[in-house]
């Protein structure tokens, strides 16, 4: 993902696990820079990044299958520490001369691990002879070890639950330390990167700010730059970074695509012109966007249409400015991860993000993406570093495609106005209840379903509004927010009474996974 090798990088090779992103989060929390790469491009990434250590992820594959993914031999030839997690442990063993078999007792869920030997991996956390909760998810298991390895931890169904070659600094764990269900897992990963790899905790937002500003200057040179400003945290932080880097070479452009929240465009313009002194152009392109989306119900096509129109508008505005060479976007690391297929097939791509996979292949400007390596919570920390107020940094995430993906089916002005009003009421109720900061993201969805209702003495046949609220740390996984039912009742009553076009309100209790946070 990065074009520059950081001096202290951990490379995470993804074999297709659903929780690989959590490994990266735990490593970043230890103030160490890391990158996730799919196994197919691991050789290239290893040469480019020159990592100090490598972590091998879990996988739905079996090492006993012909053609199953393997780690590059180069990592074992490099003499650097390696940690294999679940499948990562198994493929490391298989590649180094051990044996892995299928068909043994499987372990899924909570298990208890017995520590057989002390190790730098356990230092300050677990001691020999103690037992600890871990989270297992495996069908295969190691049955014999490569030369140099010893068993340092066991569980009832995994006699090789933790293995180590202390001399070469190779470690394997059959459980998943990256998930919260392994209570000491984050500390184990910290031990690996700090004690075993020897990387110091130098990954901070202050350091990132300096590196990002320098990288922007190097990429842009004396070229003209425009920034795709939406008013959200991501694009705002990207704009401030770019402005710090290139000053008057930057012009910010806010496209009002008609898909923003209530009064949002005007609020954004006032804030940036008055408080940040950034050159800002407001473009009303609502007719163009809504017209293109009215007959489009496929969510992927909606995202790609929005991405295409964004670029068209920006290119037109750039021409009015006398030409621009670069376009700044607030693309985040989860956007990039979710837009990459890690097994080479389209079925693995969760959704195209309008500012990654949704962009047209032919662009007349080069992309500048200074936040491409950051998770959402890191962007907020960077925003604080740049001086943005807490009230702004703490705003809930809002997707680039806006209300278009909260309005399943074709998009019309009428539907958008109904949704905008319902969403504003819902967020107002959340703020009045003092819940806004406890929730990662909350919003209303206008369903393409109408139901019968009764208002006064008359029959109604109007839309259904779904309310969504989730808790999360980084947007990669999320749980629905557990409201008090009185709150939901009050919010539903206000929406039905105050918004014409809605006669029924429901609440979404789906977590991520299996669902995504947004409906489309």
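Along the chain as shown, the residues are counted starting at 1.
Keep in mind that glycine also has a Cβ here, set from the backbone N, Cα and C atoms.
Predicted, not measured: the structure shown is a model, and the values here were computed from it.
Among the features that Swiss-Prot reports, active site, nucleophile is placed at 86. Residue 86 (active site, nucleophile) is surrounded by 26 other CB atoms, counting those within 10 A of its CB over all protein chains shown.
Reduced to three states, the DSSP call for residue 176 (active site) is coil. Annotation source Swiss-Prot lists active site at 176 (among others).
The number of other Cβ atoms within 10 Å of the Cβ belonging to residue 178 (active site), over all protein chains shown, comes to 28. What Swiss-Prot records for 178 (among others) is active site, and it gives sequence analysis as the kind of evidence.
Per Swiss-Prot, the feature ATP binding site maps to 230, 231, 232, 233, 234, 235, 236; the stated evidence is sequence analysis. Taking all protein chains in view, 22 other C-beta atoms sit within 10 angstroms of the C-beta of residue 232 (ATP binding site).
The annotation domain 'Glutamine amidotransferase type-1' is assigned in Swiss-Prot to 9-202.
Among the features that Swiss-Prot reports, domain 'GMPS ATP-PPase' is placed at 203-395, with the record citing sequence analysis.
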For residue 234 (ATP binding site), the spatially nearest of the active-site residues 86, 176, 178, using Cα atoms, is 178
Per DSSP (three-state), residue 232 (ATP binding site) is coil
Quick note, residue 233 (ATP binding site): same-chain residues at least 6 apart with CB under 8 Å of its CB -> 376, 379, 380, 383, 388, 392, 393, 395, 397
Whole-number Å distance separating the Cα atoms of residue 231 (ATP binding site) and residue 86 (active site, nucleophile) is 41
Cβ atoms other than its own within 10 Å of the Cβ of residue 176 (active site), all chains, total 23
Same-chain, non-site residues whose Cβ lies within 8 A of the 230, 231, 232, 233, 234, 235, 236 Cβ center for ATP are 229, 237, 238, 239, 330, 398
